Amino acid sequence: MGSAVMDTKKKKDVSSPGGSGGKKNASQKRRSLRVHIPDLSSFAMPLLDGDLEGSGKHSSRKVDSPFGPGSPSKGFFSRGPQPRPSSPMSAPVRPKTSPGSPKTVFPFSYQESPPRSPRRMSFSGIFRSSSKESSPNSNPATSPGGIRFFSRSRKTSGLSSSPSTPTQVTKQHTFPLESYKHEPERLENRIYASSSPPDTGQRFCPSSFQSPTRPPLASPTHYAPSKAAALAAALGPAEAGMLEKLEFEDEAVEDSESGVYMRFMRSHKCYDIVPTSSKLVVFDTTLQVKKAFFALVANGVRAAPLWESKKQSFVGMLTITDFINILHRYYKSPMVQIYELEEHKIETWRELYLQETFKPLVNISPDASLFDAVYSLIKNKIHRLPVIDPISGNALYILTHKRILKFLQLFMSDMPKPAFMKQNLDELGIGTYHNIAFIHPDTPIIKALNIFVERRISALPVVDESGKVVDIYSKFDVINLAAEKTYNNLDITVTQALQHRSQYFEGVVKCNKLEILETIVDRIVRAEVHRLVVVNEADSIVGIISLSDILQALILTPAGAKQKETETE
């Protein structure tokens, strides 16, 4: 009976549409429609909403706001065929990434085409697909050690500079994501810590060089697309002045395989080679010469920049060559004390030695390329090139042939190997093979110093009576005279002077003219020496190959660099 009464009430409500029951029923209908609209949309688009948070978990929130606040996939939904409620955040939110994404500067290259899949996608993965510097460690702005010493070079090398440059847009698609599988193991991170950009090894994937679709670019750093425009903007007239004095025999060398090492050096700055932590000793010109050389020995360094307080600038370098020149000029006999070494100040010695022919200190900016550094070292016939910040005036590091070649050798296995690396020394003609200066084991030290000064060389092979190379006496060995305070007696023999290193000396590092250049480079870098003695089958001296000879062959000779008639300032 209860059921009959219920049916009667239902009929009464239906038969009287103008009554209160009719109004209540209409409101119920309207409410039911509101409830079921989001359910239909969720079933109609299961891939969009169902894969995000679950189809039944937030159905009440989907009624009022179809887009979850802060969802990274709002930009994708706005492109769907379904009519969506307009929202001020539905269209322009694509560049906004999740908090863990390192890139926010390339919205333009991804608004051209919508993603193929409507599923949730990570923005970091999207940006990584067309930018080689997408890893968190490759962004200088997020790297903890990115601006430790010289923030200016880090800013100019980052992607955040001029993202709208047309050159960058055309080069974004040159390097696909697949090139990352050839990424080297970043040995520089272990050796140089954060001193070099984390993306340096990624530029030299073999697939990048061999890609037939690589567009020709005017910049010598065309194989590094993500930093080409930044490097071009960073090189000002002061840094690029040296390269303007170079001529190239053939412009095609820029794209040839033989110029791969030259392009490597052009794409890296001097700051990239500066270690995270190193020792740099600076001398004031009012310091006594004797104390300065003792300080070199105590700190284990071979050279130091000279600071003049009157000019408030660096005016030169004090090296072991200065020590040799002082001994060569003022040594008389073991009975006469070298007064000039004991009492002279550095500024006094410079005035006497240079005799008013003062030349400005040859230095280089941390923003200059390593190609500039190699050219400056070889052209000026110097062995040490101070890196000085032009803004603060601080000395950051001292570049050498040895350091530059070691940096280059770290990446050689990841670059295409030029054909000349498989040629031997005889075919390439690298080294010095005529008028070789040498000494004997019983040669006095003072005579060896005279040869250093007159021939302007840095090492002398020691040859016995049979002509066999048994040792080598270099300029660096002369500083041991200051360490042992035996510089007042230069009549001792070379053998006696070299006894201090007999315990750890492993012998002369040698080679022959039939060995290929690749073997020579590997041997001189591993041995950490400045030269190799070229010998024949009888172990007799044939020639000398130095670090400058190797850098000339690897970098400058393939570039066809010529010095113009004008002098470099």
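Placed from the backbone N, Cα and C atoms, the Cβ positions cover glycine too.
What you are looking at is a predicted structure, and each value in this text was computed from that prediction instead of being measured.
Features of the protein shown, as given by Swiss-Prot:
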MOD_RES   Ser65  phosphoserine
MOD_RES   Ser71  phosphoserine
MOD_RES   Ser73  phosphoserine
MOD_RES   Ser90  phosphoserine
MOD_RES   Ser138  phosphoserine
MOD_RES   Ser143  phosphoserine
COMPBIAS  156-167  compositional bias 'Low complexity'
MOD_RES   Ser161  phosphoserine
MOD_RES   Ser162  phosphoserine
MOD_RES   Thr165  phosphothreonine
COMPBIAS  179-189  compositional bias 'Basic and acidic residues'
COMPBIAS  192-212  compositional bias 'Polar residues'
MOD_RES   Ser196  phosphoserine
BINDING   Arg302, Lys402, Ser474, Lys475, Phe476, Asp477, Arg501, His530, Arg531  ADP 2 binding site
DOMAIN    357-415  domain 'CBS 2'
BINDING   His383, Thr432, Ala437, Ser458, Ala459, His530, Ser546, Leu547, Ser548, Asp549  AMP 3 binding site
DOMAIN    430-492  domain 'CBS 3'
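Here the features listed in Swiss-Prot are placed on the structure.
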| residue | record | contacts (Cβ under 8 Å, 6+ apart) |
| --- | --- | --- |
| Arg302 | ADP 2 binding site | Leu296, Thr319, Ile320, Arg384, Phe476, Ile479 |
| His383 | AMP 3 binding site | Thr319, Leu377, Thr400, His401, Ser458 |
| Ala437 | AMP 3 binding site | Ile451, Arg455, Ile457, Leu460 |
| Ala459 | AMP 3 binding site | Ile472, Tyr473, Ser474, Lys475, His530, Arg531, Ile544 |
| Arg501 | ADP 2 binding site | Asp477, Asn480 |
| Ser546 | AMP 3 binding site | His401, Gly431, Thr432, Ser458, His530, Arg531 |
| Ser548 | AMP 3 binding site | Leu377, Ile378, His401 |
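Look at Ser546 (AMP 3 binding site): DSSP puts it in a strand. As a summary of secondary structure, the domain 'CBS 3' (430-492) carries 20 helix, 15 strand, 28 coil according to DSSP. Arg531 (ADP 2 binding site) falls within a strand segment according to DSSP.
The 10 Å shell around the Cβ of Ser474 (ADP 2 binding site) contains 16 further Cβ atoms across the protein chains shown. Around the Cβ of Phe476 (ADP 2 binding site), the number of neighbouring Cβ atoms within 10 Å comes to 12. In this entry, His383, Thr432, Ala437, Ser458, Ala459, His530, Ser546, Leu547, Ser548, Asp549 make up the residues listed for AMP 3, with the farthest two CA atoms of the set 19 Å from each other.
Every protein chain considered, the tally of other Cβ atoms within 10 Å of the Cβ of Arg531 (ADP 2 binding site) stands at 23. The DSSP secondary structure for Arg302 (ADP 2 binding site) is coil. Across the domain 'CBS 2' (357-415), DSSP assigns 23 helix, 13 strand, 23 coil.
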